[in-house]
Amino acid sequence: MIRENSYNKDVSPLNKNNKNSIDLQSHKEFLLSSKESFVKSIKGLFISVNKEQDSIMLYGNNKEIIGYDEEFIIFTVDESKKYVHNDYIKILIDAVINNEEETEVKIINALGQELWISVKGQSKINKNGEFLGFEGYLYNITKEKEAHLKLEYMTQYDELTGLNNRKHFKDIIEEELKNHTKLESRGALIIIDIDNFKFINDSYGHKCGDIFLKRFSEDLKNAFDDNKLLCRFGGDEFLIFLPSINSLNEIKCTTRKIIDILKKPYNINNDKIYSSSSIGISVFPDDGENFEVLLKNADAAMYIAKGNGKNQCQMFNNNISREINRIYSIQRGLRTALENNEMFVVFQPKVRLTDDEVNGFEALLRWKSNEIGFVSPGEFIPIAENTRLIIPIGKFVLREVFIRVKYLLSEGYDNFKIAVNLSEIQLRQGDLIEYFNSLIKEFNVSPKYIEVEITESMIMKSVDRNIECLLQIKDLGSSIALDDFGTGYSSLNHLTKLPIDVLKIDRSFVIDMTENDKSRYIIENIIQLSHKLGITVVAEGVEEKEQVDYLKSIDCDTVQGFYYSKPENFENVINMLNK
Ligand code: C2E
Ligand code: CA
Ligand code: CA
């Protein structure tokens, strides 16, 4: 070619007049340049996929994207790995199939180059929504994407340490806190301030200070699994969020790790640089429900730590740390309470007002822990519910009740019911009815001697399902009492909607009754309404004779309370029952 050219130019000047040859040459150049400009104009790679023929056709700037010189390539899906790294073929295929005009994917091509590709085009889909093919363009957008990612990185991360910056961290934590409210679990925000950092900067120079902060950040990253929850808050302050703490120990463990990091000096430019940290902790949701408040309180705690001599940690609220400790020891204790025989059931008589006869008992659970002593059910039941330990515990209570029913029947008593409290978790668990049935078989007693006490708030958590479960209990032959009426929803509507036989008026109403005309009026009317609906009324927490007299005068059916008897061991209440 070169020789031909030089011949044309130099040896045979006549040829210059050979129009044909010159035209061909310029045409070729024109074609070349126009193709180049065409390829340039689309800057990308035309792609056509035909599913039926299992063919993928690429035309255009193959070099820039898949690293091949040829401008036209056709291959099958199987052969794709020649052009795109095996691990990324599916990503690219998905981007093509699910194309919504433009998709950006990261791939590695067959030459091992990492690229960001934009896939633009239109999928062909048949009537049934099946993928037939695709036509469009692939563009190499690596440069733009990297610039964008860098910018994004700079707005989210601290340049020096690579940790989340303050703004990004706040966004992350606020998102976390939203989920937390749902989970009802505790979290902790920890603020760390390097002690005497100003001294390091002043005596060793800012460069050295920077290296110190970098090293410390690296050590933090190594000490915690989830770097997402670490932050350089600014200067020499760092934040850590613990999303779910199951024990106070977890906070302690974390703070110990932090304090330990600075126990050894950093060797920077031949200087051994010693420091320590002061740490403040706030607990979610107790010390604050949003990031700002948690931060303010953790900060306040940190100042106390500094004031107390640095190199230590401080919780914002000592009461909370005590309370958390208590909750955790209850949680721990509950796990082994049943096997250690620390739980037992006491019985409180219910008295029929028409003839002052005891017509039943409420079974109430007691726990005397070997470790922490007596714990009231008001305190441990909610914790047992949160940890779902209420399921085995509830089964224990139900079984104890069956044992007593069996005993009373064998002794010739017939005119009684024993009421047992149920938790929502038990209703929801699913095998409650099964367990009920198994006890009926085991003890061979009729469930009509058992009454189940539920509360409105329990039902409200999942109305349809819980009502279904109550109906099944009723079908077995047990009765159902609505407990604590007057505290929660107290909806009269529930009296007609829920399958209840008994209404228990809460103690707070009974207390109010003697002083408050309105309370009296409400109770009177509730009793009348209940009677019209065929519902029996029990008044709870009756402590005084006047209360009994008044309740009698307004036709209340039954009372329960210290006036007659506290909840007692079974042996102590049997003799209150008449045969
Ligand atoms: P509750 O079902 O409303 O039980 C009545 C509570 O009032 C009992 O407290 C009882 O001792 C108390 N009480 C009865 N009469 C009087 C009185 O005249 N004056 C005063 N001041 N109090 C009276 P307890 O035994 O501490 O139980 C508290 C709550 O714990 C119960 O409230 C119930 O919600 C729950 N609970 C107890 N045992 C169980 C159980 O086996 N399973 C479930 N799920 N919850 C239980
Ligand atoms: Ca009750
Ligand atoms: Ca009650």
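Any Cβ shown, glycine's included, is placed from N, Cα and C.
From a predicted model like this one, the values you see are computed outputs, not experimental measurements.
The following features are taken from TrEMBL:
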type   : residues : note
REGION : 1-20     : region 'Disordered'
DOMAIN : 101-153  : domain 'PAC'
DOMAIN : 185-318  : domain 'GGDEF'
DOMAIN : 327-579  : domain 'EAL'
Q: Please work out the helix, strand and coil residue numbers for the domain 'GGDEF' (185-318) from the DSSP assignment.
A: 61 helix, 36 strand, 37 coil
Q) What is the pLDDT of the domain 'PAC' (101-153) when averaged and given as a whole number? A) 86
Q: Helix, strand, coil: count each for the residues of the domain 'PAC' (101-153), based on DSSP.
A: 12 helix, 31 strand, 10 coil
